[in-house]
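The structure appears right after this line, and notes come after that.
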Amino acid sequence: MGGSEAGDDSKDSKPKGNRGISFLDFIMRIVAILGTLGSAIAMGTTNETLPSFEQFIRFKAEYKDLPTFTFFVVANGIVSAYLAVSLVLSILHIVMSGARITRVVLIFFDTVMMAFLTSGASAAAAIVYLAHKGNARANWIAICQHYNSFCDRASGSLVGSFIGVLVFLLLIILSALALSRN
């Protein structure tokens, strides 16, 4: 009986390693939720009103004014919701470290969500760049000279989103590593 217990310990060494990977996966998903949800909230609440010489005319900048920023908020919101739902599978992987099918499913959906998040963040980054620098050839002026707060919040919200993209990349690599260890 002592020999079989030693054999069981050697079999449990792989799942224990996968449990560590699964726990890291869980923590990274929480970090990605914080980044993407924070980005969505920061961009979604971004607005600034400039006073003008006329009492009845006000210039206002909101994220809703630009469809790209709306897409950014929606993409970050959808990815945050996906990450919250995927926490259930991540907990399942901690408990049952040998689960393979759910890991493959997570790799697939993580890849889709990473692409979705990357497209939203990249599109918003292009608009933020134009807001800061303008484009002389197209006669687009840099609006950040006037809307400092709006541009600062829009720029800051990009950081959390790109952190989410990086975390997704690491999650995909981590899941592939866990699959290869099974």
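Heads up, the Cβ atoms here are built off N, Cα and C, so glycines get one too.
Keep in mind that TrEMBL annotations are predicted by a computer and have not been checked by a curator.
Under the heading domain 'Casparian strip membrane protein', TrEMBL lists 19-166.
Feature annotation from TrEMBL assigns transmembrane segment to 21-43 (among others).
According to TrEMBL, the transmembrane segment annotation covers 69-92 (among others). Outside the transmembrane segment (69-92), and at least 6 residues removed from its termini, the chain residues within Cβ reach (under 8 Å) are 22, 25-26, 29-30, 32-33, 36-37, 39-40, 43-44, 46, 63, 99, 102, 105-106, 109-110, 113, 116-117, 119-121, 123-124, 127, 154, 157, 160-161, 164.
Long-range contacts of the transmembrane segment (104-131) within its own chain (CB-CB distance under 8 A, at least 6 residues past either end) are made by residues 36, 39, 43, 66, 68-69, 71-72, 74-76, 78-79, 82-83, 86, 89-90, 140, 142-144, 147, 151, 154-155, 157-158, 161-162, 164-165, 168-169, 171-172, 175-176, 179. The annotation transmembrane segment is assigned in TrEMBL to 104-131 (among others).
Summarising the annotation, TrEMBL assigns transmembrane segment to 158-179 (among others). Outside the transmembrane segment (158-179) by six or more residues, the chain places 18, 21-22, 24-25, 28-29, 31-32, 34-36, 38-39, 42, 72, 76, 79, 93, 97, 100, 103-104, 106-107, 110-111, 113-114, 117-118, 120-121, 124-125, 128 with a CB less than 8 A from a CB of the stretch.
Same-chain residues lying 6+ beyond the ends of the transmembrane segment (21-43) with a Cβ under 8 Å from its Cβ atoms: 63, 69, 72-73, 76-77, 79-80, 83-84, 86-87, 90-91, 93-94, 97, 117, 121, 124, 153-154, 156-161, 163-164, 167-168, 170-171, 174-175, 177-178, 181.
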